[in-house]
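Asker: A single structure is presented below for examination.
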Amino acid sequence: MEKLSNGVRDHCLISDYVSPSAPAPLKQPFVIGVAGGTASGKTTVCNMIMSQLHDQRVVLVNQDSFYHSLTKEKLNKVHEYNFDHPDAFNTEVLLSCMEKLRSGQPVNIPSYDFKIHQSIESSSPVNPGDVIILEGILVLNDPRVRDLMNMKIFVDTDADVRLSRRIQRDTVERGRNIQNVLEQYTKFVKPSFDEYIQPSMKYADIIIPRGGDNDVAIDLIVQHIRTKLCQHNLCKIYSNIFIISSTFQIKGMHTLIRDINTTKHDFVFYADRLIRLVVEHGLGHLPFTEKQITTPTGSVYTGVDFCKRLCGVSVIRSGESMENALRACCNGIKIGKILIHRENNDGRQLIYEKLPKDISSRHVFLLDPVLASGYSAVKAITLLLSKGVPESHIIFLNLIAAPQGIHALCKKFPMLKIVTSEIDSSLNEDSRVIPGLGEFADRYFGTNNINSKVSSLSTNLKLRS
């Protein structure tokens, strides 16, 4: 969607299907970086993605908008200026604008006039979108810019095709003659491509050959984006988080177990149902091999045979509530136990552990229904690693998780898989999950009534004395 008027490239364009005055999205946007050599078809790829995401608010940011304005001395020698070098861009302003868009703030992005080689301030703010596409030859070169992206794309097009497109674009749209274009290409464009642009291809998640002519690649990219847009923000950051598909039935069960007025009997019943779903989902992440069997009709059925070397490890007390569901799904499974004592807000002490002797050769389901700060989980996972369990063989199962706990685990153990049914908002000052469901173990095992009776008895004794 590249538009040029009097040599000025529009700094940021919003999908024609949505009004620019639409309110900013509440969820963190999905950021896509599209890089490639000059005239490789980056803009065409961006246009195709935007047209297929017509039901989403899409913002396109061009790296060309962030060129430095040239001084009089540089203007006099403009043909000696390398526009394809990283130093030609004002990356600090680019980073500032992208951070504001990602945080849901409107921002003024400059435009760049290629005829006078000056940056022009924008008078109208650009609102953020559900999807932000950052396009430019060097958007994958700077690690600070790469870190802002959820998906990185490199458009790979033949050098001869890129040169012919560049000649046509610069002569028709930017008022240059063919000789100057060829001189600039030989002196700056080609060397910069070899030194900076092509090496950045290694950072791309997806490489698109033939650019906009590759309809299959564009369709697959759009499908992936749509999937990510439906996910929680943390799932866009960490690929090892898996949330079971939310339905009205699952939402209804969450409503019941979170309700303070729910009886113990109902709490246990619906918690067990949710735990069973989480366990079943976790089993789907185990390795498998193809297996052929014969059915009672004499037909051959090609299916799969799941990993047999599996065990569970429950974090006492609340983790024990998940053992029955695991046993119901995996008959005869070995289950170990870990007891971790909380010393203070961020301290944990291992009190007890009893694990299968051959645990290092097994895949492990770590069981704890609530992931809060993540300190206990880190302690438990560290113990499993010390026993020789590969990090990639650990699947952490829980019902609800707080963002703080997810960050703590995923940053420390990137090969670990986390399977949960919902991600909650945050933690309060007492490190309890909000909105949460209270003390899970007390509600599940019925010990909250015992605690209240002990507290009441203690109060009565004090009053009598």
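Positions of Cβ are set from backbone N, Cα and C atoms, glycine also.
Below are the features listed in Swiss-Prot for this protein:
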- LYS264, ARG273, CYS307, LYS308, ARG309, LEU310, ARG362: GTP binding site (BINDING)
- ARG317, ARG342, ASP368, SER373, GLY374, TYR375, SER376, GLU439: 5-phospho-alpha-D-ribose 1-diphosphate binding site (BINDING)
- GLY438, GLU439, PHE440: uracil binding site (BINDING)
- 26-230: region 'Uridine kinase' (REGION)
- 240-465: region 'Uracil phosphoribosyltransferase' (REGION)
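For each listed feature, how buried is it and what is near it?
Answerer: There are 14 other Cβ atoms within 10 Å of the Cβ belonging to LYS264 (GTP binding site).
Long-range neighbours of ARG317 (5-phospho-alpha-D-ribose 1-diphosphate binding site) (same chain, six or more residues apart, CB within less than 8 Å of its CB): ALA441, PHE445.
In this structure, PHE440 (uracil binding site) is part of a helix by DSSP. In this view, PHE440 (uracil binding site) is surrounded by 23 other Cβ atoms within 10 Å of its Cβ, with every protein chain counted.
As a whole-number mean, the pLDDT of the region 'Uracil phosphoribosyltransferase' (240-465) in this prediction is 87.
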Asker: List the residues of the same chain that sit at least 6 positions away from ARG342 (5-phospho-alpha-D-ribose 1-diphosphate binding site) in sequence and have their Cβ under 8 Å from its Cβ, in sequence order, or write 'none'.
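Answerer: Spatial neighbours, sequence-distant, of ARG342 (5-phospho-alpha-D-ribose 1-diphosphate binding site): ARG348, TYR375, SER376.
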Asker: Please report the DSSP secondary structure of ARG317 (5-phospho-alpha-D-ribose 1-diphosphate binding site), reduced to three states.
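Answerer: Coil, per DSSP.
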Asker: Which of the binding-site residues ASP368, SER373, GLY374, GLY438, PHE440 has its Cα nearest to the Cα of ARG309 (GTP binding site)?
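Answerer: That would be ASP368, nearest by Cα distance.
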Asker: If we check Cα distances from ARG362 (GTP binding site), which of the binding-site residues ASP368, SER373, GLY438, GLU439, PHE440 wins as closest?
Answerer: ASP368
Asker: C-alpha of LYS308 (GTP binding site) to C-alpha of PHE440 (uracil binding site): distance in Å?
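Answerer: Just about 31 Å between their Cα atoms.
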Asker: Going by Cα-Cα distance, which of the binding-site residues (ARG273, ASP368, SER373) sits nearest to PHE440 (uracil binding site)?
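Answerer: Sorting the binding-site residues by distance from PHE440 (uracil binding site), the top entry is ASP368.
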